[in-house]
Amino acid sequence: MWESKFSKEGLTFDDVLLVPAKSEVLPRDVDLSVELTKTLKLNIPVISAGMDTVTESAMAIAMARQGGLGIIHKNMSIEQQAEQVDKVKRSERGVITNPFFLTPDHQVFDAEHLMGKYRISGVPIVNNEEDQKLVGIITNRDLRFISDYSMKISDVMTKEELVTASVGTTLDEAEKILQKHKIEKLPLVDDQNKLKGLITIKDIEKVIEFPNSSKDIHGRLIVGAAVGVTGDTMTRVKKLVEANVDVIVIDTAHGHSQGVLNTVTKIRETYPELNIIAGNVATAEATRALIEAGADVVKVGIGPGSICTTRVVAGVGVPQITAIYDCATEARKHGKTIIADGGIKFSGDITKALAAGGHAVMLGSLLAGTSESPGETEIYQGRRFKVYRGMGSVAAMEKGSKDRYFQEENKKFVPEGIEGRTPYKGPVEETVYQLVGGLRSGMGYCGSKDLRALREEAQFIRMTGAGLRESHPHDVQITKESPNYTIS
């Protein structure tokens, strides 16, 4: 042990380049899909971080529509986080199998509240909560000129000539019915006229608009949620599972600690089929420990993030490329996967992270400036920025992430992150397009037809500081910013 203190050398993204190889594939033809687990498949290997200035329901919805995944942060109450997950799951479905409904005795106010809360344009009306026989529908058109919201729904709902379809109606069949009758919602009923589902024109349009969406077996967008290692973790997990979360992320600064291992084991024993991501770690030993405890996917990265100060405050970490490779080497032995979390500044770093052994990457700073992030927008020197902070910053720990850094009992915090601002970028769709485009280009240079080929066959070359300087634009003054290249 003593003799091996300085035996290893660590490499990060700026230390290496991928070597170009003979290619028979065009960038537009590469396959970017990846199976993180048997039941968790992404169409692009990009995940938004579970940070309180990066991912809430709006970001998670946008990421899933692009083919990726969003992780709802845990700096909120259990009920709020479960509600965020529910918003994602209800935002888009092929067939809504458990639609909201009201009864004729409810007030118009109840319909207005439900429609406003979930941003829906109508609600089926059933005779009562027990029988659930369809008797009408109320839409925003019915509410348009109503001033007395205490009226009963029975007085304003549409109940004549209701257009319905039987259970098992396909989306193509539903689209024809909706177009024929010029309506937006099609209730599905059984032979006793009981409400069994709902198909909306908006969901059909979204299927067409976002063909690459990441969805579960029921046609709903997929979403993950972060949890910690506090006393209420199992209660939080229970509520998230009830909200149909697709994956739980046990999110801590040091995943190779007994409390984290115990939590992983407890969740696995309670929910044998639940997808579990656990981290963060940076060594093969930690990866093995989490997998043996029950993790399906291991999250790799201690200190590489742009807003993280762990490496300088604590003096601990492993440069990210080396950490990814070491952890992936161990995960392969168990048939498990890893996520590279942190340190990615350009799209080329995504290609490097996946070639080093990652199955997907988790992004924070690259997405924090987009419209969908929950960070506040501010104006600085005439330009728009969004607030971005590490979960180890004082503000984030005060809000609820102190357990991530094992400081839940502290009255004063020792922060391992900072607060900052990042330029506003507009819709996340544009950012993801550029990032994925860079990945496609990199795979084309490497001759990799899919992500598995990139992991297995791509080769690295180490470069000097001079090589890094040569890699960036040099000897010119940039006069027009590129959408995929900015030096802060």
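Note: Cβ is positioned from N, Cα and C throughout, glycine not excepted.
Annotation comment: Swiss-Prot describes CYS308 as active site, thioimidate intermediate. In the three-state DSSP reading, CYS308 (active site, thioimidate intermediate) counts as strand.
The active site, proton acceptor annotation in Swiss-Prot covers ARG404.
Residues or ranges marked as NAD(+) binding site by Swiss-Prot on the basis of sequence analysis: ASP251, GLY301, ILE302, GLY303. In the three-state DSSP assignment, the secondary structure recorded for GLY303 (NAD(+) binding site) is coil. The Cβ neighbour count for GLY303 (NAD(+) binding site), using a 10 Å radius over every protein chain in view, is 26.
In the three-state DSSP reading, HIS472 (K(+) binding site) counts as coil. Marked as K(+) binding site by Swiss-Prot: GLY303, GLY305, CYS308, GLU470, SER471, HIS472.
Secondary structure at GLY392 (IMP binding site), taken from DSSP and collapsed to helix, strand or coil, is coil. Taken from Swiss-Prot, the feature IMP binding site covers SER306, ASP341, GLY342, GLY343, GLY364, SER365, TYR388, ARG389, GLY390, MET391, GLY392, GLU416, and the record attributes it to sequence analysis.
Taken residue by residue, the domain 'CBS 1' (95-153) breaks down under DSSP into 16 helix, 16 strand, 27 coil. For 95-153, the entry in Swiss-Prot reads domain 'CBS 1'.
Residues or ranges marked as domain 'CBS 2' by Swiss-Prot on the basis of sequence analysis: 157-214. With DSSP classes pooled into helix, strand and coil, the tally for the domain 'CBS 2' (157-214) is 20 helix, 15 strand, 23 coil.
Of all the Cβ atoms in the protein chains shown, 24 others lie within 10 Å of the Cβ of TYR388 (IMP binding site). Between the alpha carbons (Cα) of GLY305 (K(+) binding site) and GLY342 (IMP binding site) lies a span of roughly 4 Å. When the CA atoms are compared, the binding-site residues lying within 10 A of CYS308 (active site, thioimidate intermediate) are ILE302, GLY342, GLY390, GLY392, out of the candidates ILE302, GLY342, GLY364, GLY390, GLY392. Cβ neighbours within 10 Å of SER306 (IMP binding site), excluding its own Cβ and spanning all shown chains: 19. Cα of GLY303 (NAD(+) binding site) to Cα of HIS472 (K(+) binding site): a span of 24 Å. Across SER306, ASP341, GLY342, GLY343, GLY364, SER365, TYR388, ARG389, GLY390, MET391, GLY392, GLU416, which the record gives as binding IMP, the greatest C-alpha separation is 16 Å.
Taking the mean position of the Cβ atoms of ASP251, GLY301, ILE302, GLY303 as the NAD(+) site, the remaining same-chain residues with a Cβ inside 8 Å of that point are ALA253, GLY279, ASN280, VAL281, ALA282, LYS299, VAL300, PRO304, GLY305, CYS308, THR310, GLY317, ASP341, GLY342.
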